[in-house]
Amino acid sequence: MKEQQAWHSKTAEQVFHLLSTSNKGLTDNEITARTEQYGPNRLTPAKKQHPVIKFLSQFKNILIYVLLVAAVVTALLDHWIDAWVILSVVIINALVGFVQEGKAEKALDAIKNLLSPQAMVRRNNRTFTIPSDQLVPGDIVILQSGDKVPADMRLFSVRNLRIDESLLTGESLPAEKNSKTVKSDTPLAERANMTFSGTLVTYGKGEGVVTETGDQTEIGRISSMLGKVETLETPLLRRIDEFARTLTVAIVLLSALLFGFGVFARGYSLTQMFNAAVGLAVAAIPEGLPAIMTIALAIGVEAMAHRKAIIRRLPAIETLGSVSVICTDKTGTLTRNEMTVKSVALPGKRFEVTGSGYDPHGTFQLDGREIDLRNHSQMRAIAHASLLCNDATLQFRDEQWTISGDPTEGALCVLGKKAGYDPDLERQNWPRIDLIPFESEHRFMATLHHDHTDRTFIYLKGAPEVVLERCTKQRHGEAEEPLNYQYWENITQKMAAQGHRLLAIASKKTISGQETLTFEDVASGLTLIGIVGMIDPPRDEAIVAVKRCQQAGIRVKMITGDHVDTARAIGKMTGIGDGSKALTGTEIEAMSDEELQQKVNGIDVFARSSPEHKIRLVKALQSNGSVVAMTGDGVNDAPALKRADVGIAMGQKGTEVSREASEMILADDNFATIASAVEQGRTVYDNLKKSILFVLPTNGGEALSILFAVALGYTLPVTAVQILWVNMVTAVTLALTLAFEKAENNVMERKPRKSGEPILSGFIVWRIVYVSLILLSGTFGLFLWYEKAGYSHDMARTVAVNTLVMFEIFYLLSSRFFVASVFSKKGLLGNPAVLYAIGILIVLQSLFNYTPFMQTLFATVPIGLSDWLTILLVSSSVLFLVELEKYILRKRRADSLTI
Ligand code: ATP
């Protein structure tokens, strides 16, 4: 069994020895044995609240207190049946809340599991990616900038490695790492040769051997971290919760006033007024609303995950609905990230390359005629450099050519192979001694090689302007000549205007025996070999999605590191910008924040921009009042992702660092997914509003009926326990169904919702009052009619209760669309949840009316067919009246109405 060791005080060799491993990695047998011994590399999840505690926490609610007091007083008044009914309703409500909360939590947990991180390991001397939870002690892990460290590790090879360890040490500056042994009593923050699980690589590369996994890691031992459980909460839910609480207190006070008024001013008995006051309280308090909203939100999160948008922070769902600008990357998001080299420019000539995708079959052509590469040493040279200054590999698997690594480099591999080179052989013959990896900030990559005769040279590839400024000469055939800057600039522009992504390739001879490559080595004195142009076609679905966003009043802006002409051309192909206006990073740098703020709205394409520009753009847009969604993938995108209202990270090519900084992750890196997430965000918000719009008038109608009865001196049209019944059965059936509503047709035709807009807009308040009054008139009216006709109180009340329930059924149908008509097949039958809920409610209501047990509990009497016809006639009026109101609204241009 592995002991807990002071790994930092041992040399790398000792650590390898102690863990029976080597820098080539573990063997298959070892891995199986260790997986069994140590288990998965996962932290034991925080202990969930015990179900009993969770159930009891459902009782923490003012309405429940009111009801419990009511039950006790009712019992003291000797109304035992009512007391039991109230108590049972309390318990059933708590049970329903408990089950619903559990469901919502489950939905969230399932989504968390989608976010499992990956690690690059070396096993059996082969390097590949595996899910981090499969790591075992002794595994060799390769870290690079942007990764999240997957386990505790002793580093043995380090290149400019910097790690953000603030999670463990609280130190905000990244720690510089090396592989030197330190004393055993060195504090954690100074163990430069160790990296710890959960920390983030902000720069450089490194290799380490896993020393501890799972709960044995430093982070695993800090138990406080494990206690963090995310709760279902968003600003809107919080506001609704607060609103419900304030409303409850107000209603309790109002009930007390009513009690006083009834007893003293109207001369009702104490018992009568007590019943009325309790009735009012249970009628008016929207006790089910917060739970319904939570469910609507959880369903929204699930639906988004199905559409490949994974929400990391819940409030983002709401913000998504109000996004007014989307700033997106180009490569891979708008385009397919499947690169193919199409042309190669050499001095005085431009060659075409045939073939498609990553299939390395194709030819080189000049003026439409195939050329023989044996006569074109410079073309061979550029293909050779393309292979060596390259980390990608090409393979033929499952009848298909695929690459692993960066697609830009994959395309260059294909170019090398088309030129007749074997990538593995070339890389063996010309071994790489050192490299400067590609980073978006400097836009180039350089490698140092030697051959068997110890000739040493550098290859450099990168954005043309970056490479050109480092070159003094250009290669021409076998010879070298002074660089013709103007020629290259012209050709660059021409190639970029076709939407090609460009890379210039250069070389430099150095002194033999050179072992390290510095930025200074590639700062000047290089010889340009040529420029390659590759295509990366736009995604068809992205083009459609851009259009949909624009129709939805959302501006789409492209922020790319690519050449300005390439960006313009791709922008034009995808419908972003007008193909002419664009700003480059250099131009942004020359502007003050105020100037940028003025310009930013009118420009949609930003090229050659780096992460610092992104953050300035977000700030400028936000100062103009926009709600900004911004995509990003690199380590340095993190600040802009955090600053944006919705930071969106890439699930495939994004770094762990960018994911940690984001609100949402695109599992497929696709722009179309952002558009559908916005649509879903709008839909969730709509459904939350629809739930409010449905629930509150019911409470309003019930409460008004009681207030009216007392004010006019009548007996109550519905008793407190009957109201409890109605609220309970409708909360578990009808009210939940609106959470399942699909997007309305016009959801992506409306302008974005203004952020900070109150949920109870003028329209919503109006609709609540309107429907409350309809419910009041119908329920109270029928009750009075039956009373006047000489029926018993119980009969009149049974009719009133059933009218109320039927009103809700008809109103639910109407509530499915805000202002659109529901008089269509889709409108009436389109949501199966609605139909099931109505079915269940009818069964429950029949039990309520016709079983002797219920008749005893709720003082109901069986009603006949003609009563039902009357009830249906009255209650269906709500559907027609609301549809009439919608019709008038539509006529008065309701589309411009703020819902
Ligand atoms: P975005 O994804 O934001 O749309 P991008 O992917 O086009 O941007 P970068 O990856 O930062 O932007 O690339 C910027 C430029 O750097 C490219 O136009 C290209 O010239 C050069 N470049 C890209 N990848 C490499 C690489 N692997 N090696 C050398 N140069 C590269």
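Glycine is no exception: its Cβ is also placed from the backbone N, Cα and C atoms.
TrEMBL entries are annotated by machine, without manual review.
Noted in TrEMBL for the protein shown:
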- 6-79: domain 'Cation-transporting P-type ATPase N-terminal' (DOMAIN)
- 59-77: transmembrane segment (TRANSMEM)
- 83-99: transmembrane segment (TRANSMEM)
- 247-268: transmembrane segment (TRANSMEM)
- 288-305: transmembrane segment (TRANSMEM)
- 692-714: transmembrane segment (TRANSMEM)
- 720-740: transmembrane segment (TRANSMEM)
- 760-786: transmembrane segment (TRANSMEM)
- 798-819: transmembrane segment (TRANSMEM)
- 828-848: transmembrane segment (TRANSMEM)
- 868-884: transmembrane segment (TRANSMEM)
Leading stretch by Cβ pairs under 8 Å, where the reference is the transmembrane segment (828-848) and the options are 288-305, 760-786, 798-819, 868-884: 798-819
Proximity of the transmembrane segment (760-786) to the transmembrane segment (59-77), 3+ C-beta pairs under 8 angstroms: no
Chain residues outside the transmembrane segment (692-714) and at least six past its termini with a C-beta under 8 angstroms from it: 240, 251, 258, 261-262, 266, 268, 273, 276, 279-280, 283-286, 288-289, 292-293, 723, 726-727, 730, 734-735, 738, 759-760, 764, 767-776, 779-780, 783-784, 787, 800, 804, 807-808, 811-812, 815, 818
Segment confidence, the domain 'Cation-transporting P-type ATPase N-terminal' (6-79), expressed as mean pLDDT: 86
Stretch in 59-77, 83-99, 720-740, 798-819 most in contact with the transmembrane segment (288-305), if contact is a CB pair under 8 A: 720-740
Long-range neighbours of the transmembrane segment (83-99), counting only residues six or more past its ends (CB under 8 A): 51, 54-55, 58-59, 64, 67-68, 70-72, 74-75, 287-288, 291, 720-721, 724-725, 728, 731-732, 857-858
Residues in the domain 'Cation-transporting P-type ATPase N-terminal' (6-79) grouped by DSSP into helix, strand and remaining coil: 43 helix, 1 strand, 30 coil
